[in-house]
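Undergrad: Below: one structure in structure tokens.
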Amino acid sequence: MNDTERNMVERTSKFLLIVVGSVFFMLILYQYVAPGVINFGSPHGYLLGEEDMTIFPTPDPHYVKKYYFPIKDLERKIDFEIKGEDVIVFLHIQKTGGTTFGRHLVQNVRLELPCDCRPGQKKCTCYRPNRKETWLFSRFSTGWSCGLHADWTELTNCVPGVLNKRESKSKKMRKFYYITLLRDPVSRYLSEWRHVQRGATWKTSLHMCDGRTPTPEELPPCYEGTDWSGCTLQQFMDCPYNLANNRQVRMLADLSLVGCYNLSTVPEKRRSQLLLESAKKNLRDMAFYGLTEFQRKTQYLFERTFHLKFIRPFMQYNSTRAAGVDLDNDTIQRIEELNDLDMKLYDYAKDLFQQRYQYKHMLDRREQRLLRGHASFHSPFREDGAGGEGTARLPTEDYMNHIINGW
């Protein structure tokens, strides 16, 4: 190699070193100036740590609390042992967005051993990482093992026995964590009417209570024939036995307290009071519940409760089958009257939900400030008098957080 060729090689090498060094410098500078935009350690683009807070709405500082809840009702922090004996039980109330949430549970949770969901199959296999036992009891994992859309009364009496049978052994050490979703009662009612109008019946539901199903006299049908397809909203509202009325309270309450479906056991006013208070208590004691109208907040509280992360953030949909229903004020008032217990429960549930979100968000921000202050104190770039909380995050808006009309 002559001197000319040697000089050309040296110049080329120096040029490549300069280019590579410049690229690395720009990457480091870009990450420092705009952290979180490029995230090498976060699969599926899901932001972790402080950046992950930016996808969640800032609590409304002007929110006025309606009910008093002690800290024990606001604090939800479960050491969920997926390798142990813990089981999440999803109580799926019709037309609350439970199908979408149920799919999130089997397809969108970051797990050591993800659920095995195969095309064409209605159920996924959700085994624990260390053995072939399920950690999730839901429609998309175990199927309707306790009956179609089993309620609180059915699930609490059925789930332990079903799992013992499936796993061929009795386990008294299992911990069951019940979860559910609620929805604005008027929107939910209209969505159920639309669903029934298209031919849905849920007539295979068991409604098991105190060891038996209700008699035809206790639970008369609203229609003759195979289904109620084509029914008008007026017909739907006029049936006094319609299980759509106050469905959320009925499915969350302990029906044994009122004689199940036998309406003659307890006077109507007392029955309503017992059902509402029971539903409130059971909802309050659940490990977690979400609201259809607040998808991002629902995601946030679930993740913080169970220490499980979703791969993709939840989306809020406002285009639904119930959205196109034009109602006058009298009809809306009639639906609210038919669902008076659900209206009261939802008002209670929404307030508790918002207070839990505010409380948990406050704890997270406090923890981040402490970590940021600790990092700033030990930072080699720290100057005297500098540090503190750093630049505050701009407030984010709830993603379409208004009451939506359906699911």
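Note that the numbers count up from 1, one per residue, in the order the chain is shown.
Cβ coordinates come from backbone N, Cα and C, glycine included.
These figures come from a predicted structure and were not determined experimentally.
Summarising the annotation, Swiss-Prot assigns active site, proton acceptor to H149. Look at Swiss-Prot and you will find 92-100, R183, S191, 315-317, 321-322 tagged as 3'-phosphoadenylyl sulfate binding site. For K122, K123, R139, W144, H149, H195, W202, the entry in Swiss-Prot reads substrate binding site, with the evidence type similarity to another entry. Sequence annotations record features per position, and here Swiss-Prot assigns N-linked glycosylation site to N262, N318, N329 based on sequence analysis. Under the heading topological domain 'Cytoplasmic', Swiss-Prot lists 8-14. Annotation comment: Swiss-Prot describes 36-407 as topological domain 'Lumenal'. The transmembrane segment feature in Swiss-Prot is assigned to 15-35.
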Undergrad: Just to verify: the residue among K122, R139, H149 with the fewest other Cβ atoms within 10 Å, which of the recorded positions is it?
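TA: Looking at the recorded positions K122, R139, H149, the Cβ with the fewest others within 10 Å is that of K122.
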Undergrad: Based on Cα distances to H149 (active site, proton acceptor), point out the closest of the binding-site residues Q94, T100, H195.
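TA: Among Q94, T100, H195, Q94.
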Undergrad: Return the member of H92, Q94, T96, N262, Q316 nearest to W144 (substrate binding site) in space, with distance defined Cα to Cα and candidates limited to these recorded positions.
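TA: Ranked by Cα distance from W144 (substrate binding site), first place goes to H92.
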Undergrad: For H92 (3'-phosphoadenylyl sulfate binding site), what is the secondary structure by DSSP, using just helix, strand and coil?
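TA: Its secondary structure by DSSP: coil.
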Undergrad: Need one number: mean pLDDT over the topological domain 'Cytoplasmic' (8-14).
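TA: Mean pLDDT for the topological domain 'Cytoplasmic' (8-14): 65.
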Undergrad: Determine, to the nearest whole angstrom, how far the Cα atom of S191 (3'-phosphoadenylyl sulfate binding site) is from the Cα atom of R139 (substrate binding site).
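TA: Taking the Cα atoms only, S191 (3'-phosphoadenylyl sulfate binding site) lies 20 Å from R139 (substrate binding site).
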Undergrad: In terms of Cα spacing, which of the binding-site residues R139, H195, W202 are within 10 angstroms of H92 (3'-phosphoadenylyl sulfate binding site)?
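TA: Those close enough are R139.
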Undergrad: In the structure shown, which of the recorded positions T96, N262, N329 has the fewest other Cβ atoms within 10 Å?
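TA: Checked T96, N262, N329; of these recorded positions, fewest Cβ neighbours within 10 Å: N329.
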Undergrad: Which of the three DSSP-derived classes (helix, strand, coil) applies to W144 (substrate binding site)?
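TA: Reduced to three states, the DSSP call for W144 (substrate binding site) is coil.
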Undergrad: Based on DSSP, name the secondary structure state of N329 (N-linked glycosylation site): helix, strand or coil.
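TA: Note: N329 (N-linked glycosylation site) is helical by DSSP.
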Undergrad: May I ask which residues of the same chain, at least 6 positions away in sequence, place their Cβ under 8 angstroms from the Cβ of K123 (substrate binding site)?
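TA: K123 (substrate binding site) has long-range Cβ partners F140, S141, T142, G143.
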